[in-house]
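So that you can see what the record holds, here are the features copied from TrEMBL:
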- 4-325: domain 'FAD/NAD(P)-binding' (DOMAIN)
- K50, T148, G149, S150, D316: FAD binding site (BINDING)
- G185, A186, G187, V188, I189, G190, C191, E192, G277: NAD(+) binding site (BINDING)
- 351-459: domain 'Pyridine nucleotide-disulphide oxidoreductase dimerisation' (DOMAIN)
- H450: active site, proton acceptor (ACT_SITE)
Amino acid sequence: MEKFDLCVIGAGPSGYAAAMRALDYNKKVLLVEGKKLGGAGLWNGALSSKTWWELSRQISTVRHHLNLQGKDMPRLRFKEVFNEVMNATNMRQAQLQSQILHAENTDVDENITFKRGKAFIETPNQVRITLEDGSEEVVGTEFIVMATGSRPRQLPDIKIDEKYILSSDGIEHLRDFPKSIVILGAGVIGCEYATVFSNFGYTKVHLIDKGNRILPFEDTDIVKRIEGNFEKNNVLIHRNSRLIRMEVVEDRVEYELEYHNGRKQLFTVEKALVSVGRVPNIENLWSENVKIEKDERGVINDDTKTTVSNIHAVGDITSDMALVNIGELEGRHAIDQIFGNTNKELSYKNVSTIMFLNPEVAGVGLNEQQCKEKGYNFRVVTMDYECIPRAIARQLTDGFMKIIVTDDNDMKILGMRVVGFSASASIEAIALMIHLNLGIEQMAELVHPHPSITEGIQECARILCGKSILKPHLLKEHVTCRAWRSGDYIDLLNLNLIGE
Ligand SMILES: Cc1cc2nc3c(=O)[nH]c(=O)nc-3n(C[C@H](O)[C@H](O)[C@H](O)COP(=O)(O)OP(=O)(O)OC[C@H]3O[C@@H](n4cnc5c(N)ncnc54)[C@H](O)[C@@H]3O)c2cc1C
Ligand SMILES: NC(=O)c1ccc[n+]([C@@H]2O[C@H](COP(=O)([O-])OP(=O)(O)OC[C@H]3O[C@@H](n4cnc5c(N)ncnc54)[C@H](O)[C@@H]3O)[C@@H](O)[C@H]2O)c1
């Protein structure tokens, strides 16, 4: 029986990052992947959907400029757009693959072996792999990292056929832009694809969520901006309604809604996308003799350690946030714990996120909603993109940023959100400041390049310190500065309390 120091199951972002980190410790690593190298980080997931988004943004910009000149946009061919998406995912896969090939072919013993097959943990030190040709082999291993990811959640009454009613895994089965699509679930995936389809301009998008608004976890000012842009882009958002049924009738999708007042309405569309969350891939992964504990949200773990001492769980298979950067963080951390004897615990405090909407929304730390849930008092300053020279130069002034700080003299940063062009680039400085536990004074003093979007953050910090260049009480239509104290907002601009 072939023996390894480590067997990593699943070669998505989490498993791949874990395997590569183990090479740094000169370990003999086996990486097993059941489907495609890269997992949902590439395929039907992060990279593919972001490529759709980037292409749709470009098309929407070109159409806008042509329309300004009274010209029509030539019809795009779906196949060409689809091929661009495939080029992007193939390019990244080739990179990941070539690293593995190089590592496999080195002469040293401590390297990586990649096997394509489905892994099953028979004992804490033995993994059975069913290879592509149906044959099986059993390998020995000192440690195991489970990184099998997640898949779209299905609802009992809606049959996903990936032809008419799709999950996010079925987007790539489309052969043309649908004329209409209903998206069930207005969370991140639903809203990102609503943005993509409406940007291309060939699809009438309907959006339904069981909550009373889209993106239920985000602050209302952000949601309002995104909802407003959806509606400008002809997206129909169903509010205060409940889905009674959704089914395929004569090659189209019929769905029926019931409104709060009891009225019912029937809609017919070409396609549906169901995006109501994801579930962890934990079925048929270990034998009942292996006592790994799990619940419906994923593998129970403490700092990636499962209830079996030599087995760790990382990425979407756990109940933490389901993101590529989190998966990579956890994958690398598990390896540092196994081979590096680190005492450092994982922290999710300064994780930066981006939602690819219209415009993009980037965040780090807490939003106002989360601060309130935690019972914190806080100060929050917001500034419109109209006040930021870089946004003016790009003529992309649809957006705003906000910084949330503790309601005391230290003004430690609790979180930040940016909605607008280049939002993700502006978040990094704040993420580092949260990591270093710095107050906003330091941000106010930095010299930022000009013109840059981050100058807006600097002005927000200066406003909180009472020493901004743009005086907020003179620019009230573009700047707000408030404190949340004991369940109420106080307007710091009106009371002239800034800097106190
Ligand atoms: C549409 C969409 C868009 C997204 N956009 C973003 C984004 O913009 N930014 C972001 O940070 N995150 C995004 N995500 C989330 C991100 O893709 C996931 O959080 C990330 O891929 C999780 O990585 P993972 O390695 O844990 O799991 P996965 O990427 O799911 O990989 C797990 C791998 O394990 C394999 N596997 C499963 N079982 C076995 C087995 N028994 N044996 C062998 N192999 C097995 C699977 O085939 C798969 O390749 C998006 C997800 C989706 C669906
Ligand atoms: N840009 C990014 O970082 C990015 C992009 C896409 C996905 N992701 C990751 O993938 C995860 C999964 O995304 P998702 O959008 O599937 O999940 P989600 O949890 O973000 O959203 C699911 C939505 O479905 C709604 N819902 C649930 N059950 C419903 C029902 N029966 N009827 C109607 N609506 C219902 C919920 O209210 C929620 O708004 C995200 O949480 C995120 O971690 C990240």
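Yeah, the Cβs are placed from backbone N, Cα and C, and that goes for glycine too.
Under 8 Å, Cβ to Cβ, and six or more positions away along its own chain, the residue listed as 'active site, proton acceptor' finds P389. G185 (NAD(+) binding site) sits 17 Å from S150 (FAD binding site), taking the C-alpha atoms as the reference points. Checking the recorded positions T148, G149, I189, D316, H450 for a CB within less than 6 Å of any atom of ligand 1 leaves T148, G149, I189, D316, listed in sequence order. All protein chains considered, the CB of C191 (NAD(+) binding site) has 28 other CB atoms within 10 Å. In the vicinity of ligand 2, defined as a Cβ distance under 6 Å, the following of the binding-site residues K50, G185, G187, I189 are placed: G185, G187, I189.
The C-beta environment of I189 (NAD(+) binding site), restricted to residues of the same chain at least 6 apart in sequence and closer than 8 Å, consists of S49, S168, S275. Taking the mean position of the Cβ atoms of G185, A186, G187, V188, I189, G190, C191, E192, G277 as the NAD(+) site, the remaining residues of that chain whose Cβ falls within 8 Å of it are I183, Y193, L215, S275.
Taken through DSSP, the domain 'Pyridine nucleotide-disulphide oxidoreductase dimerisation' (351-459) splits into 39 helix, 32 strand, 38 coil.
The binding-site residues shown are G187, C191, G277; of these, the one with its CA atom nearest the CA of S150 (FAD binding site) is G277.
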